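A.B. asks: Submitted below is the structure of interest, expressed as structure tokens.
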Amino acid sequence: MVVAHSAATATTTPAATVTATVVMTTATMDLRDWLFLCYGLIAFLTEVIDSTTCPSVCRCDNGFIYCNDRGLTSIPSDIPDDATTLYLQNNQINNAGIPQDLKTKVKVQVIYLYENDLDEFPINLPRSLRELHLQDNNVRTIARDSLARIPLLEKLHLDDNSVSTVSIEEDAFADSKQLKLLFLSRNHLSSIPSGLPHTLEELRLDDNRISTIPLHAFKGLNSLRRLVLDGNLLANQRIADDTFSRLQNLTELSLVRNSLAAPPLNLPSAHLQKLYLQDNAISHIPYNTLAKMRELERLDLSNNNLTTLPRGLFDDLGNLAQLLLRNNPWFCGCNLMWLRDWVRARAAVVNVRGLMCQGPEKVRGMAIKDITSEMDECFEAGSQGGAANAAAKTTVSNHASATTPQGSLFTLKAKRPGLRLPDSNIDYPMATGDGAKTLVIQVKPLTADSIRITWKAMLPASSFRLSWLRLGHSPAVGSITETLVQGDKTEYLLTALEPKSTYIICMVTMETGNTYVADETPVCAKAETADSYGPTTTLNQEQNAGPMAGLPLAGIIGGAVALVFLFLVLGAICWYVHRAGELLTRERVYNRGSRRKDDYMESGTKKDNSILEIRGPGLQMLPINPYRSKEEYVVHTIFPSNGSSLCKGAHTIGYGTTRGYREAGIPDVDYSYT
């Protein structure tokens, strides 16, 4: 039995050992798993805490870090890792204050650093950055290496810095493959930066010193949609003809506050929607400037020198919704009759502002759409036959300043003794509307020193050569004056002429390149200026002006006469009053005045009732005449205790005042209650 038990015991011992070993191994593995889980949880919590930690000087809200307007000189180093937008504007941060660990914040996409103390383009920026605001700093250079560190950048704002053309490194934007918006307003640029990225959609270069735009300035910018060049030094002579025609996708072009005398040639027409040309010196617009601009919605020509517009200028503008024409010297003659009809026809769809007439005189200040009878005269003149009759019936201002000379941009004056002019001794009649002529001109003297010239060309011409000669002067001495006028013009104003002089005015059609048309004879007309001092001229001007023209002068004369008469009446009244006052002064007697009883209390002086009782009228005055006046005072003695005399002469000190003195020199008030 013992042996059997021992054997059984020996048999079960290994199995129990194996079971215990398995249990211990399982327990060890569970402990390791728990420790690993705990370590992982601690690391996760640490990362979460670190990512949500906000700098003490800032405010954080779902990835938006607000550290602006804090007076910081450097960016806080403990920026959360989940930050997406950093507001750091209006501080004093310089380039040394941008920490290197900022580029490790891979979630940051927008940084606002405007109005700080940066003098170089920052380099420690995260590669994930897509929008950067650096306005109102002192950044002077743009290096390729700086932009290469932020290849995903889409919007770059560098307004109000010190960037110049030479400080932009060549191919600085070569690595900016996604840049769509570039603002360089109010810097020191003298030309368009080169090497701009092809992805650019909006470019602002306003308020710089750009004076020249070469042909290749916008080469490759096929995606550009908005271009702003306001406030520069641009003139027509320094802009290449096809500069803007390459920008086929452009929808907005702004050339405000420049020195343009006419809109630039070959503007993009396919997709242009907004065209801003205000605040220039534009005096004429070629008739085909706005051709094929069927998408144009807004056109601003305010604050220029426009007096007229060519017929058909707006024919292709089917989508035009707003037309601004303020502050121009519009001359509302027959040449603008088409514009009046166009404004009336498109009144429901086009908002026209500022089309106010500055001449002729009788329509000054009127909106062109409200003019009726004045322009209807143009129809009457045309129906009576002959362009000469039309010129006679057309109302023209008597002031030469009302019409700005046309073609001034191309004007040149030269002495050409060999110019083909007819003999000055022949009396040349006014040109008539003969159908055989290719050019008909009409002249009309306006004032003693100006003549208005209008013409009509039967065939299109690139330009006209206009010449004039004062009779009595030989062409050999160089008195012929000429100018080149654009082919789309129909009128010209000669000024600074001699009064009471006869002029021969000739015009000839020019070919391309400003050469004379073969076998083309000049068309001439003769006109005589009025006498600047002649009474006949004055009478004629008054008759032409109508019966109402003399009213302002009559009003001025009548007002002056009435004013002189009023001064005479007032002078007579003043003289009479002065004389009457002297007579009354001599007869009137003035007496000394005595104060009322209440005046003592009002003046703060106590009355000695124990001594005097004064009775008298209210107010008396001291006489001017030396004779003695009657005494009007009644003095009653009340026998004071000291028995001193109460009578005082006129020479006694204090006589006539509110405070009397006794003979001993002691005031009465000191004895009032003794």
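Placed from the backbone N, Cα and C atoms, the Cβ positions cover glycine too.
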A.B. asks: Check Swiss-Prot and name the cysteine among Cys332, Cys334, Cys506 that pairs with Cys357 in a disulfide.
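C.D. replies: Disulfide pairing in Swiss-Prot: Cys357 with Cys332.
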A.B. asks: If you check Swiss-Prot, which of Asn249, Asn305 turns up marked as N-linked glycosylation site?
C.D. replies: Asn305
A.B. asks: Could you give the Cα-Cα distance between Cys357 (disulfide bond) and Cys67 (disulfide bond), in whole Å?
C.D. replies: 56
A.B. asks: Cys60 (disulfide bond) to Cys67 (disulfide bond): how many Å between their Cα atoms?
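C.D. replies: Cα-Cα distance, Cys60 (disulfide bond) to Cys67 (disulfide bond): 9 Å.
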A.B. asks: Rounded to the nearest Å, what's the C-alpha distance separating Cys67 (disulfide bond) and Cys332 (disulfide bond)? Just drop the number here, would you?
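C.D. replies: Rounded to the nearest whole number, the Cα-Cα distance is 60 Å.
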A.B. asks: Which bits of the chain, at least 6 residues beyond where the repeat 'LRR 6' (198-220) starts or stops, bring a Cβ under 8 A of a Cβ in it?
C.D. replies: 159, 176-192, 226-235, 238-240, 242-244, 246-247, 254
A.B. asks: In Å, rounded, how far does the Cα of Cys332 (disulfide bond) sit from the Cα of Cys58 (disulfide bond)?
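C.D. replies: Answer for this pair: 64 Å between alpha carbons.
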A.B. asks: Same chain, outside the repeat 'LRR 1' (81-105) by at least 6, Cβ under 8 Å from its Cβ: which residues?
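C.D. replies: Tertiary neighbours of the repeat 'LRR 1' (81-105) are 50-52, 60, 63-75, 111-120, 122-128, 133, 149.
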